[in-house]
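Everything below concerns the one structure shown next.
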């Protein structure tokens, strides 16, 4: 079955161009030109990805992003912004967007970002081969991750993560206490390396921290200033002693 993608863009020329590039990836594409039609559309159609322009008539893209991720957290959202709209990109990511792309963009970059989201979705919904490296549970003290069932618990409390958030925590957990730069995380977890997209990493880590902070007072994913981030295994292991 073809994966379905919804484009929400009021510029017909841009929407047609996006449709062509998505069709090249064998994706089934729908298009809406107005923000107020999006949520009703999602009630009767299942989409793997929603591509949202920031500036839309009736309901803006940032508001829609928040509503989509609240009601349909498993849908991947890619925001489209102008290169000058840094604050819009940051706000969109903080509201739950999985990724963003700046206009004007190359079709290769656009397709790479869509394919990266499709990989995360596939890992989320399809059972993975039972191999030692990919399917074995990862346990660090009070943090337990089961890649096969896509489940994560902290202090025996289930944590609801998006596909990308889960992959990011899993990557850290497989390399405890090791520091990774934002560029390394983009390449290893998202599957691409694009200069200037560090906010994608920052926002995902902030969202993960917010979820962890509801369960533990410890900072599990630490910032190493001037370098990047690491998973601090010490407090997780101390709680088991």
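For all residues, glycine too, the Cβ spot is worked out from N, Cα and C.
In TrEMBL, annotation is done automatically, which means it is predicted and not curated.
Per TrEMBL, these features apply:
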type	residues	note
DOMAIN	4-118	domain 'Response regulatory'
MOD_RES	53	4-aspartylphosphate
DNA_BIND	135-233	DNA-binding region
DOMAIN	135-233	domain 'OmpR/PhoB-type'
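Shown in sequence order, 8, 9, 10, 11, 14, 61, 79, 80 are the residues of the chain, 6+ apart in sequence, with a C-beta less than 8 angstroms from the C-beta of residue 53 (4-aspartylphosphate). Across the domain 'Response regulatory' (4-118), DSSP helix (H, G, I), strand (E, B) and coil residues number 54 helix, 27 strand, 34 coil. Under DSSP, residues within the DNA-binding region (135-233) fall into helix, strand and coil as 37 helix, 22 strand, 40 coil.
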